[in-house]
Amino acid sequence: MDTATECSLIASAFVLCFLRLMVYTYHQKDMRYVVETMRSDWADASYEEKQVLKEKCDFAFRLAKYFIATVAITIAFFMTVPMLETYILHSEEKILPFRGYFFLNHTLSPNYEMIYIFEIIAGSFGGSMIAGVTSFNLVVIMHGAARFSLLQKKLESLNRNDPDVNKLMVKCIKLHQDAIKFADALEDIINVVALGQFVTSTGLVCFAGFQLTSMLEDRGRLMKYSTFLNSAILELFIFSFSGNELIVESEAVGDAAYRSDWASSSFTQSLRILMMRATLPSRITAAKFYSMSLESFSAVLSTSFSYFTVLKAVSEE
């Protein structure tokens, strides 16, 4: 049972890596649009606008750095613990970083060393893919949320006595359309990845938790899977938190419009249309099945721990 769950755990992570690679390769054009839009937003922003962008994105940058560090620590444990057990503690069993079936006797030299090196390379590639893609998703989605936050500031500053108020209102509508277009591009890129993430996260958290409880006396593997579980839950939180922020900020556009100085103004019709559109918030979905939000995060965790209790009960029998 332990071997089967460990193999399933690692296989799920690598399948998700290849899914991300294929999706992002297919959506290169959309990704270039997203990156260029972010670059122009920062380059053309005024000081006040940069402060809003910085306020929304600083936490995303810090969270991305922390996640990259947790993935690096997890990969380091997976790579070094088997080596320490084999060469320092002189374990009778030659353990590889990742369990699997090999078409040769991997316990003999030089087969063991060659497969070990291959798994180090594969693990480094997989870890880099996970850290890079998840951090990219976090930053671009939070930037999308920041664009709606900028729009809110501009709407709240509208003054009916301003002679250029109608031009400013037109500019706000265009900014709203651009923010929606940017969010739709993110949805096109990320929705399949999000589906894979939410589906596999259920198994990853379940299997990692099972490995932890079945290896409480094996400190080496305990460290490996405790860091793995931490990274898996944090990755799921990053997807859910960023998606939730996009929903909240895009919904808040309507409230910001209402807070503007609109009474007896000449732009009420345009403002009404903008508020109607804001009732349909932008969101990142898991292949259109459900939205990435903190609610979905709690639902996935609840499902994972339900499966974990079933798996634990079966193993004890």
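Cβ coordinates are placed from backbone N, Cα and C, and glycine is handled just like the others.
Quick look at what TrEMBL annotates:
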TRANSMEM  7-26  transmembrane segment
TRANSMEM  66-89  transmembrane segment
TRANSMEM  115-141  transmembrane segment
TRANSMEM  189-210  transmembrane segment
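Looking at which of 7-26, 66-89, 115-141 has the most CB pairs under 8 Å to the transmembrane segment (189-210), the answer is the stretch 7-26. With a cut-off of 8 Å between Cβ atoms, the residues of this chain six or more beyond the transmembrane segment (66-89) that come close are 95-98, 116, 120, 123-124, 127, 130-131, 134-135, 138, 220-221, 223-224, 227-228, 230-231, 234-235, 238.
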